[in-house]
Amino acid sequence: MSRYDSRAADPASYRDRRSDSGLGAPPASASASASSRRDYDDGGASPRKLNLDGLPHFEKNFYHESPSVRAMTESEVDDYRLRREITVEGRDVPKPVKSFHDVGFPEYVLQEIKKAGFVEPTPIQSQGWPMALKGRDLIGIAETGSGKTLAYLLPAIVHVNAQPILDPGDGPIVLVLAPTRELAVQIQQEATKFGASSRIKSTCIYGGVPKGPQVRDLQKGVEIVIATPGRLIDMLESNHTNLRRVTYLVLDEADRMLDMGFDPQIRKIVSQIRPDRQTLYWSATWPKEVEQLARQFLYNPYKVIIGSSDLKANHAIRQYVDIVPEKQKYDKLVKLLEDIMDGSRILIFMDTKKGCDQITRQLRMDGWPALSIHGDKSQAERDWVLSEFKSGKSPIMTATDVAARGLDVKDVKYVINYDFPGSLEDYVHRIGRTGRAGAKGTAYTFFTAANARFAKELITILEEAGQRVSPELAAMGRGAPPPPSVIPEWHGSKGTSCSFGLLPWFPRPREGLWQQSPVELIDGDGPVFSDDVLDVTT
């Protein structure tokens with residue numbers, strides 16, 4: 001029974017479109033169905049073990065080419081992909097679509113797209129929609145702000161509309177896993193916006209808030225669940241939901257989830273989902289551990305890369321990197337705010353929760369309208385801070401990396417890295433909070449002697465994006481010592497006191513070289529560098 005049999009008289013209903021536009025049309029034959037796994041392309045991976053006893057068949061191939069797409073020659077397809085920096089891998093890759101009408105979405109979905117003001121599909125949507133609608137597994141690699149949320153949500157809505165209605169006790173049909181609460185909430189907002197016209201219910205499952213409202217949503221029955229792994233496992237173990245009906249699985253920001261140590265939780269969740277599901281695996285980067293996980297979870301997937309799988313920054317963002325002494329960063333920040341503050345939203349990243357609160361407090365004491373967000377804040381406070389920031393009532397927000405990925409706030413004009421992050425991947429994702437959806441943005445980064453080990457890779461990212469590299473940063477990238485102005489003052493000799501604990505850089509006098517190395521402390525009284533005897537003033 002279709003969940004829209006009762007809407008048969010509605011010309012905008014999804015089921016009425018099955019015979020004309022092709023969305024939701026059943027596959028031409030059983031062998032054409034993506035549910036059949038006999039066409040496995042091993043590619044170095046192992047096919048999922050199929051034990052489908054007692055599991056009902058479900059439809060997931062909903063794509064028919066529009067006449068305009070079918071008319072595209074191979075040369076035109078290659079030119080379009082080259083122009084939009086689309087790289088594809090896999091068998092029987094569908095042609096990209098150039099307009100929203102080419103996809104064949106139901107009219108009510110097209111109305112929501114038009115209402116949102118979108119002019120044309122982004123590159124990841126252009127190629128990702130036909131792939132997802134064909135029902136095959138999909139790997140999508142694209143930078144933040146590329147429109148990938150809608151690249152998997154709109155096919156998810158089509159997928160849900162083609163499935164039988166939920167019975168009492170049924171779990172969701174679509175499951176989206178996300179690394180952070182903020183990203184999960186934003187995905188659900190989009191799911192609500194685009195799913196409302198077809199009466200699709202969704203809920204967001206994440207920690208840090210009472211379980212009651214989330215449990216009630218699950219018990220009432222929702223077609224789409226967006227969840228962080230930890231809270232979802234809690235709900236599963238408490239028998240508040242189940243994953244027996246999940247046929248469309250999305251792992252969003254897979255690289256970030258692995259960075260945060262969610263690998264065991266992801267495996268536990270996926271093991272409870274039927275093996276012939278459709279899986280969409282999204283990542284901004286493609287390190288080995290992300291690829292290994294994809295090989296285990298996906299079968300015969302398409303792969304689409306926007307730009308390059310190599311780490312690179314959004315070219316719409318102007319990047320400035322200033323070499324700054326640690327003690328002068330706050331003064332530098334205030335001077336920068338005085339120069340750029342025009343009411344636009346400014347996002348400032350810190351390394352620690354404590355630093356985030358300290359700088360925010362200091363800014364507010366100096367009269368700046370700043371609020372902070374980090375993992376120790378309650379969910380209610382985080383929601384309030386985000387609301388104040390989005391509305392412009394508090395145009396300055398300081399944050400730890402909890403906000404680096406998935407935070408989709410329109411018109412963030414400036415990003416400031418007060419503290420340089422612990423990896424270049426995080427740097428790219430931090431600055432990616434500006435310059436989204438075709439807009440321009442600017443990122444400022446304070447770079448200290450302690451960050452010198454990142455100089456070479458940072459220079460590569462800057463040069464790839466056509467940004468200026470300062471002579472000081474270039475010298476640090478070559479292994480030269482930082483400028484004297486950014487080396488902390490230090491007086492002493494072996495075994496004597498050291499006021500700042502660990503030195504990021506230290507001289508080895510007998511060799512006349514500057515090196516970067518951990519410093520060993522003895523009784524907290526001073527650094528010891530193997531057998532070197534130090535007696536220097538810098």
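Every residue, even glycine, has its Cβ placed from backbone N, Cα and C.
Note: TrEMBL annotation is automatic and uncurated.
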Fill in: Candidate ranges 69-97, 98-126, 359-387, 475-503 [criterion: TrEMBL lists as motif 'Q motif']
98-126
Response to the item:
In this predicted model, the domain 'Helicase ATP-binding' (129-304) has a mean pLDDT of 92
Practice prompt. Run through the domain 'Helicase C-terminal' (332-477) and tell me, per DSSP, how many residues are helix, strand and coil.
Written response: 69 helix, 26 strand, 51 coil
